[in-house]
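What Swiss-Prot records for 123, 125 is Zn(2+) 1 binding site. Among the features that Swiss-Prot reports, Zn(2+) 3 binding site is placed at 177. Taken from Swiss-Prot, the feature N-acetylmethionine applies to 1, supported by similarity to another entry. Among the features that Swiss-Prot reports, deamidated glutamine is placed at 6, 50, 170. Feature annotation from Swiss-Prot assigns phosphoserine to 45, 145; the stated evidence is similarity to another entry. Annotated N6-acetyllysine per Swiss-Prot: 93, 122, in sequence order. According to Swiss-Prot, the feature deamidated asparagine maps to 124, an assignment based on similarity to another entry. What Swiss-Prot lists as region 'Required for complex formation with BFSP1 and BFSP2' is 1-63.
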């Protein structure tokens, strides 16, 4: 029995004019646009070429992501580890805004250890909409050397925004580095902190 052996390059070289056999029999991969529109296909094997639809989608997505109004998806704010944090260091003040809406002032401890402020929150298991949950987080921030550590303050607003702040001293003055706990005071009004 004579079997004609044809080099696969010969078939692909005539690709646009040569009809494909049952969509090239790539059953597990679905249809490619060159199966439906063979004049758009090239002579490269379908395993190595990128589909036209994929090329168009990639260019559209990259174009959308370059716009200033595009904001990537933020994780759910149920976990304090994922909450947005805002740290500001102006000429005369250092401020940290932290969303801790699931914690009461009794659940929070704020300490200053040398050049760092440590914020720790922990509450025992309690019931919420989905069952029982316990939460805990630990944050540590380096304080600028010019912050007056004797005048640090910390407050928790009614909407759960923790604000840690301290004034900066002029250069040449001692900032008073020591270890001490900062009490968390409860406010009755919502925070005026900027939205994230």
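Every residue, even glycine, has its Cβ placed from backbone N, Cα and C.
Just so it is clear, the model here is predicted, and its values are computed rather than measured.
Recorded features from Swiss-Prot, shown on the structure.
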residue : record                : contacts (Cβ under 8 Å, 6+ apart)
93      : N6-acetyllysine       : 165, 166, 167, 168
122     : N6-acetyllysine       : 107, 134, 135, 136, 137
123     : Zn(2+) 1 binding site : 102, 103, 104, 107, 134, 135, 136
124     : deamidated asparagine : 134
125     : Zn(2+) 1 binding site : 132, 133, 134
170     : deamidated glutamine  : 146
Confidence summary for the region 'Required for complex formation with BFSP1 and BFSP2' (1-63), mean pLDDT rounded: 57
C-beta crowding around residue 145 (phosphoserine), within 10 angstroms: 11
Where residue 170 (deamidated glutamine) falls in three-state DSSP terms: coil
